[in-house]
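These notes are about the structure you will find just below.
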Amino acid sequence: MERKRGREMNPPSADPPSATPVARANLPGSVAAAFHGRPCSQGTTTLKRVNERYKIVGFISSGTYGRVYKAEGKNGRTGEFAIKKFKPDKEGELQYSGISQSAIREMALCTELAHPNVVHTVEIILEEKCIFIVFEYAEHDLLQIIHHHNQPQRQAIPARTIKSILYQLLQGLVYLHRNWVMHRDLKPANIMVTSAGKVKIGDLGLARLFYKPLQSLFSGDKVVVTIWYRAPELLLGSRHYTPAVDLWAVGCIFAELLSLRPIFKGEEAKMDSKKTVPFQRNQMQKIVEIMGMPSKDRWPLLTAMPEYPQLSSLIAGNAARFARPQGGDGLDRWYNQTLINNQYPAGPGPETPGAEGLALLKQLLEYDPQKRLTAEKALEHRYFTEHGKPSDNCFEDSKIKYPVRRVSQEDNDIRTSSLPGTKRSGLPDDSLMGRPAKRLKEG
């Protein structure tokens with residue numbers, strides 16, 4: 001696999017002596033480059049109009065940020081691209097306050113990152129009041145692949161495919177964490193897959209630098225990670241969480257690839273009018289039902305969690321139901337039943353996740369974030385070393401033909417389309433201040 005060379009940050013530690021994270025102001029510096037037409041680290045920036053450089057094929061999706069379109073290059077530019085159009089933070093006849101914090105953060109990080117398993121940013125375009133990020137195009141995402149295996153009847157994703165997907169996902173995550181970037185929103189819809197079977201981490205709108213932040217991560221964004229993939233420490237109100245939240249999400253994604261449905265599918269409690277973050281009681285209950293109760297012996301800092309009294313109340317009200325302590329057989333039963341339901345072969349071998357898959361899943365879904373596997377350690381797990389190294393093409397040897405991403409032809413005017421949705425929650429991020437940082441390298 002061809003890799004770009006450059007300077008690499010030291011891996012995360014308590015106080016690395018010579019690390020120079022991409023923090024503080026290379027982020028606004030990168031964004032400022034977009035406004036002045038200067039090149040960024042990995043992509044270029046321009047004031048030219050989108051339609052001068054790209055032919056819009058159709059509309060893909062919309063979200064809190066704005067809209068995503070599929071495009072083809074023109075005027076000498078070849079290939080297919082995804083163009084994300086950010087809506088202004090507030091736009092109307094009387095006021096215009098710019099673009100959202102998450103948009104600025106994503107632009108800044110995307111222009112500094114370069115790894116085969118992270119979506120590549122081609123360029124940033126400023127046009128009138130809108131910002132456009134042009135990405136390489138991926139024909140699939142994990143959510144689409146999971147849905148395909150559920151229709152018209154349940155058909156398991158091949159074990160080799162799952163292993164390759166996880167291996168590539170973890171390689172991308174190692175790179176992000178080595179460079180002090182926490183993704184904070186890993187889920188199947190944000191994991192892209194190209195037609196060549198290359199897995200790429202996308203959507204860095206909630207990503208955050210975690211090396212000596214100027215304020216707690218909680219104060220910047222009070223709600224992170226989609227509810228079904230949210231780690232226990234986040235559910236329990238941790239103010240100072242770590243990249244381990246991304247590994248819990250990887251465990252949830254692994255389980256979903258196996259079972260074709262979310263393993264912890266809770267109902268999200270919404271914030272009240274005062275923007276108070278509620279205890280996600282139902283989601284925590286879904287976790288405890290399978291994983292058993294977290295214990296102070298296994299998780300020494302459990303009682304220090306802000307929402308620990310709420311957890312105690314939840315457990316006290318369901319004492320018989322949650323009788324198993326962590327380390328019980330709840331996850332074992334779930335895993336073994338999943339393999340039976342989806343007709344994976346019994347015994348060891350490359351065609352089944354096997355006992356190694358269960359061992360990896362347990363270490364990813366560890367309650368205590370300090371004991372949870374890191375991305376680097378996960379790559380060394382015997383699940384990936386038994387029966388040969390995973391392929392860099394998750395579709396290799398697969399006879400399954402996945403449908404390409406659906407593109408709407410009825411809404412392909414990138415200039416005038418309305419931009420529904422609201423910005424992600426969170427306060428201004430003061431980690432976007434300071435001196436320029438050095439360019440990240442691919443790891």
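The backbone N, Cα and C atoms fix where each Cβ goes, glycine too.
It should be emphasised that the depicted structure is a prediction, and the values quoted were computed from it without experimental measurement.
What Swiss-Prot records for this protein:
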ACT_SITE  Asp185  active site, proton acceptor
BINDING   Ile60, Ser61, Ser62, Gly63, Thr64, Tyr65, Gly66, Arg67, Val68, Lys84  ATP binding site
DOMAIN    54-384  domain 'Protein kinase'
REGION    1-24  region 'Disordered'
REGION    405-443  region 'Disordered'
Per-residue pLDDT averaged over the domain 'Protein kinase' (54-384) comes to what? 88
Cα separation, Asp185 (active site, proton acceptor) to Ile60 (ATP binding site) (Å, whole number): 20
Would you mind listing, in sequence order, the residues at least six apart from Val68 (ATP binding site) in the same chain with a Cβ closer than 8 Å to its Cβ? Phe59, Ile60, Ser61, Ser62, Ala82, Ile83, Lys84, Lys85
Other CB atoms within 10 A, centred on Gly66 (ATP binding site): 23
Where Asp185 (active site, proton acceptor) falls in three-state DSSP terms: coil
All-chain count of other Cβ atoms within 10 Å of Asp185 (active site, proton acceptor): 23
Measuring Cα to Cα, how many Å separate Asp185 (active site, proton acceptor) from Gly66 (ATP binding site)? 17
